[in-house]
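A.B. asks: Pasting the relevant annotations from Swiss-Prot:
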- 27-71: domain 'CAP-Gly' (DOMAIN)
- 343-385: domain 'LRRCT' (DOMAIN)
- Lys464: N6-acetyllysine (MOD_RES)
- Ser496: phosphoserine (MOD_RES)
- 152-176: repeat 'LRR 1' (REPEAT)
- 178-206: repeat 'LRR 2' (REPEAT)
- 207-229: repeat 'LRR 3' (REPEAT)
- 231-253: repeat 'LRR 4' (REPEAT)
- 254-274: repeat 'LRR 5' (REPEAT)
- 279-300: repeat 'LRR 6' (REPEAT)
- 309-330: repeat 'LRR 7' (REPEAT)
Amino acid sequence: MNSTSTSDVIGRRVEVNGEHATVRFSGLVPPVAGLWLGVEWDNPERGKHDGSHEGTVYFKCRHPTAGSFIRPHKVNFGVDFLTAIKNRYVLEDEPKEEETEQIVIIGNKPVETIGFDSVIKQQSQLSKLQDVSLRNCAVNGAGDKGEIAKACPNIRSIDLSKNLLSSWEEVIDIADQLKHLEVLNLSENKLTSPSSSPSPTGTFPTLKVLVLNRTGVTWAEVLRCASGWPVLEKLYLESNNIIISERPTDVLQTVKLLDLSSNQLIDENQLFLIAYLPRLEQLILSDIGISSIHFPDAGIGCKTSMFPSLQYLVLNDNQIAQWSFMNELDKLQSLHALSCTRNPLTEGSKDAQTTRQFIIARIGQLRTLNKCAIEPEERRGAELDYRKAFGNEWKKAGGHQDPEKNRPNEEFLAAHPRYQALCLKYGAPEDGELKTQQPFLLKNQLLTLKIKYPNQHDQKVIEKQLPDSMTVQKVKGLLSRLLKVPVSELLLSYESPKMPGKEVELENDLQPLRFYSVENGDCLLVRW
C-alpha cells in the first residue's frame, strides 16, 4: 500500500491497473479475513456493486456498479510532486563500474571532480523548467514543505491532469511554492470541496489559465475558490454537470474566456447569470443542449446590454433549429466570430452555402463564421441574396419600394429583423428581381443571351448559349478568355425586355444564372 497507513486513506485517490478511484472504506469485510479497501471507481463499469456486501452497506457510491473491494497491496497511492518531476525530467546517469573524472568550471577555474556532475545536472535541469507536463504520473500532493520552491522555482505552466490529487488543499500546497505559475491544468482530478472558508486571496496571484475539465467541480465551488485567482483570464469547466446557480459577485471579473462545453444542465436562464462579466470575450457552449436564446432587454434592431465584451461564441453540437436564434445573436453588441456547426439548423439543409449566407445576412457585424473569414464581397453577396430570397414574403407582409408605403407587419419584422436595414443599404428589391423562377426542365437548361460591352464601343454585340446552371464566376472565366481581360476586372449585370430601363447586377460569383432569373433573350452587360 506504498507505506500509507490504513488510518488516513479515506478520501484518498488511488490507481489500480491504470484505473482511478477514490477510497471510501478501510477495514474488515467478513467472512473473508484480512484488510480490505472499498473504492469507488471513476469509471462505474469497472466496479461490481454499490458498496454493499451480503446485505451490509460498507460505503455508498453514486452509481450502482461503481464499487469494489481491493486488497491494499494492489493499490497505488502515488508519489509527491517533486518525485514525479524527477522521474519525468531528470536524466539519470548510466551505472558505471568505475566513476570517471569530470571537469566542471567554478568561477573561471576548471576543477576536476569525481561523480559531482550528476548532482549539478539534476539541479540545473529542474531549475530551468518552465513548462511541465505530469499528466497521469500519479501525483498525490506537494511532499515536503518548501522543496518544490527550492528545486524548480521557475515553473510557469503545469499539466497535472489525471493524477491522484484529492483536495484543493493539496493543490494549494503545490501552487504556494510556485510564485510564477500562470497555467494550471487539473482536469480529471476528483477534488473534494474546499473548506467553508474561501481560498486565501493571492493563493494563485499570477495564474492566468485554469483548466478544470471533468473534475466534478460545482459552480458554487468555483465561486468559492475564485477569490484566489485575482488575474485569471481563461477558465475551462468542460464536462462537470455544472448548474450556474448564482451570479459571480466580485470574482471572475478578469475572465476573458469561459468554456462550459458538455454541461448539459445549462439553459439560457442560467447564461443570463454570467451575462455581465465585464471582460468576457470568448464563450464556449458546445454540446450543452441549448435550443433557444432571447435577450428580453433588446427589441427588434436594438442591442442587448448583456455580454457587452463578447466577441467569439462557440455553439457547436447543440439543438439550434430556428432562425430566431441567429436573429437574437445580432443583438450582441461586440460579436465578431461565431462557430455553429452540427446543429439541426446547419445540418438539416441540403445547401450548406445558402445556410452560411443566411447566417451572415442575419448577423450584421459577424467577421468570421465557423473559422472562415467573411470577406466584404461575401457579405455583400449574402445580404443581397437574402434580400432577394425573402422579397416576395416582404411584399406580401406590406413591404413596398416606395418608402412612404413600406410598412411590413410585425410578424415579418420579428422573423427578419435586419431586412429593413438591408433595404436601406442596398435599396428595396425590384419586381424584376422577384420573378418566380421557371421549373427546371431540359428545354430551360440553355439560355440564348446577347452580350454587350457598354464601355467598349469597338466591341461588337455577340450572342452566346449558356447553361442557366452556369455560375457567375464561370461566365466571367469564359469572358476573360474571350476578351483577354483579367477575371478580377470584370463586372457583370443584365437587362431584360420584361424590365425596360432596369439593370440587375450579378454580384455573387457563386450563384448560377438562374438564381438571378436570367432568361432567353436577356442581355448580359460586361464592363471592365
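Sequential numbering from 1, following the chain as shown.
Each residue, glycine too, has its Cβ placed from N, Cα and C.
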A.B. asks: What is the average pLDDT across the repeat 'LRR 1' (152-176)?
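C.D. replies: Mean model confidence (pLDDT) across the repeat 'LRR 1' (152-176) is 94.
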A.B. asks: Taking residues 6+ outside the repeat 'LRR 6' (279-300), which of them lie with a CB under 8 Å of any CB in it?
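C.D. replies: Tertiary neighbours of the repeat 'LRR 6' (279-300) are 253-264, 266-268, 271, 306-307, 309-322, 324-325, 328-329, 331-332, 334, 413-414, 417.
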A.B. asks: I need the CA-to-CA distance for Ser496 (phosphoserine) versus the residue listed as 'N6-acetyllysine', whole Å please.
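C.D. replies: The separation of the Cα atoms works out to 16 Å.
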A.B. asks: Out of Lys464, Ser496, which of the modified residues has the smallest number of neighbouring Cβ atoms within 10 Å?
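C.D. replies: So among Lys464, Ser496, the modified residues given, the one with the fewest Cβ atoms within 10 Å is Lys464.
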A.B. asks: Residues sitting near the domain 'LRRCT' (343-385): Cβ under 8 Å, six or more positions beyond its termini, same chain?
C.D. replies: 315-323, 325-327, 329-330, 335-337, 418, 421-422, 425-426, 507-511, 515
